[in-house]
Amino acid sequence: MAPSSKSERNSGAGSGGGGPGGAGGKRAAGRRREHVLKQLERVKISGQLSPRLFRKLPPRVCVSLKNIVDEDFLYAGHIFLGFSKCGRYVLSYTSSSGDDDFSFYIYHLYWWEFNVHSKLKLVRQVRLFQDEEIYSDLYLTVCEWPSDASKVIVFGFNTRSANGMLMNMMMMSDENHRDIYVSTVAVPPPGRCAACQDASRAHPGDPNAQCLRHGFMLHTKYQVVYPFPTFQPAFQLKKDQVVLLNTSYSLVACAVSVHSAGDRSFCQILYDHSTCPLAPASPPEPQSPELPPALPSFCPEAAPARSSGSPEPSPAIAKAKEFVADIFRRAKEAKGGVPEEARPALCPGPSGSRCRAHSEPLALCGETAPRDSPPASEAPASEPGYVNYTKLYYVLESGEGTEPEDELEDDKISLPFVVTDLRGRNLRPMRERTAVQGQYLTVEQLTLDFEYVINEVIRHDATWGHQFCSFSDYDIVILEVCPETNQVLINIGLLLLAFPSPTEEGQLRPKTYHTSLKVAWDLNTGIFETVSVGDLTEVKGQTSGSVWSSYRKSCVDMVMKWLVPESSGRYVNRMTNEALHKGCSLKVLADSERYTWIVL
């Protein structure tokens, strides 16, 4: 007889009887046991133990937030984010603003020392995004590098504009622009070093009296445009001490480190010009779309010239291109630019710009580079025009009345940084560290210009380069970062105007196409290498939003196909206030490595 109630059906399914329910229960239990065994077997293959296996296990320690934090802090509006990677600290933040529409938001970040048998102890409080005028509540993300536990980096995303009246009065950014705020803050040390003790003796009673290594703050702000770059902390922070910032116009690699005067172990992190020896030349093989392109750990040989079998552009296309190029040429000469015949020769290579002078203009409308130029070794060595490198040393002023040195000129390329200590004193930037005494903070910036790279790749490596007219928009997604070889693989989605293939019938008018360019950028040399160039896909009736949406989905699929398991400790710890913006709260703050929960 069939069970008459849900409880009877459940009990029948879970019993060991010989009925169908009992057999089904055995099969289900067997499947569950088999699944766990398969997962554990996979550990031997991948070398990584997935924490998902133990998510339903009770934590070793489970405490309530109300029992370890005074109510005054909760009433003050503390939003608790999570545990640090080391498990020693719990982080929270507060945001405050006035009652009127013209007041700014002010953010503070807090470190609380966690102890199972006592209440949380506040050990550090810092103000984020120093002196920035923030008119709306931010999405915050606090991140830690895989192995660098000396500092955290905080991103603030302004995803919606202020109200219309304030925008009109203050001339703020419109819906096509978003502000990104970044603060890098030193983590409180577990104990006081000798330099911290000296600072405490110099400023008795001041909890913010710390040495520079354990007490610096670095702030910057930049603006991104549509299509707004994807936030990818797992890739942007994959290399310790380095953060990759996509500013919509360039990719900026920033390295932050603290050193002492006379430190012989100083090592430049970026752009140290270290390269591996050249590999023997080999003919290129077709790349399967299912396999990830190998990140070049060496400088490959020059790319072959375009085959003679490629279709030649029709006379109408050539005439139209020459007309456009002539207009640009005349405008350049009218402004006192360099004439066409005075330009230096290009060096052969996939990017064709290793020995390019900074002042050389970009190729226009599909101009091709001369393939009979002299070898790169014979050309004068100069930095590629698509790369900018700066290194500044920040030091604390020695006295209150010290006259600052000459102001450093803004190169309009590097991101501006404000560096302070915990007591709010600004650090002065210097280009040379010869006169530095005591501790100093080094900020390196290596910048890759997207538009220059796009023009170079199309000019030298695109089989459809003879059809190209201009590009209208682009979107950059990081596909992989190799911290050992310092290679960054990026995918450039491109909306462009190009003439149709000569084989197509109809009028010779430019059409809108979409394509993608994969490029590997070397953080040691600043040089990029073209990995692959996609075919042209005509955009028919699609909005730019749908084009970028499908492009980013394809990037996600590509990354998931290439995903390689890493050591459980080599991850970027990420804490956000996303739940707050969704109108809800986290249930627990979990330290999965130590099986500790704080119930909210």
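In case you wondered, yes, glycine gets a Cβ from its N, Cα and C as well.
According to Swiss-Prot, the listed position annotated as phosphoserine out of Ser288, Ser310 is Ser310. For the annotation phosphoserine, the record in Swiss-Prot points to Ser314 among the listed residues Ser282, Ser314. Swiss-Prot marks one residue of Ser50, Ser501 with the annotation phosphoserine, and that residue is Ser50. Between the alpha carbons (Cα) of Cys211 (Zn(2+) binding site) and Ala234 (E7820 binding site) lies a span of roughly 30 Å. Taking the mean position of the Cβ atoms of Phe231, Ala234, Phe235 as the E7820 site, the remaining same-chain residues with a Cβ inside 8 Å of that point are Thr230, Gln232, Pro233, Gln236, Leu237, Lys238, Ile478, Val572.
It is Phe231, among the binding-site residues Phe231, Phe235, whose Cβ has the fewest other Cβ atoms within 10 Å in the structure shown. Other residues of the same chain near the Zn(2+) site, with their Cβ within 8 Å of the Cβ centroid of Cys193, Cys196, Cys211, His214, are Pro189, Arg192, Ala194, Ala195, Gln197, Ala199, Gln210, Arg213, Gly215. Between the alpha carbons (Cα) of His214 (Zn(2+) binding site) and Ala234 (E7820 binding site) lies a span of roughly 25 Å. Counting other Cβ atoms within 10 Å of each Cβ, the lowest count among the binding-site residues Cys196, Cys211 belongs to Cys196.
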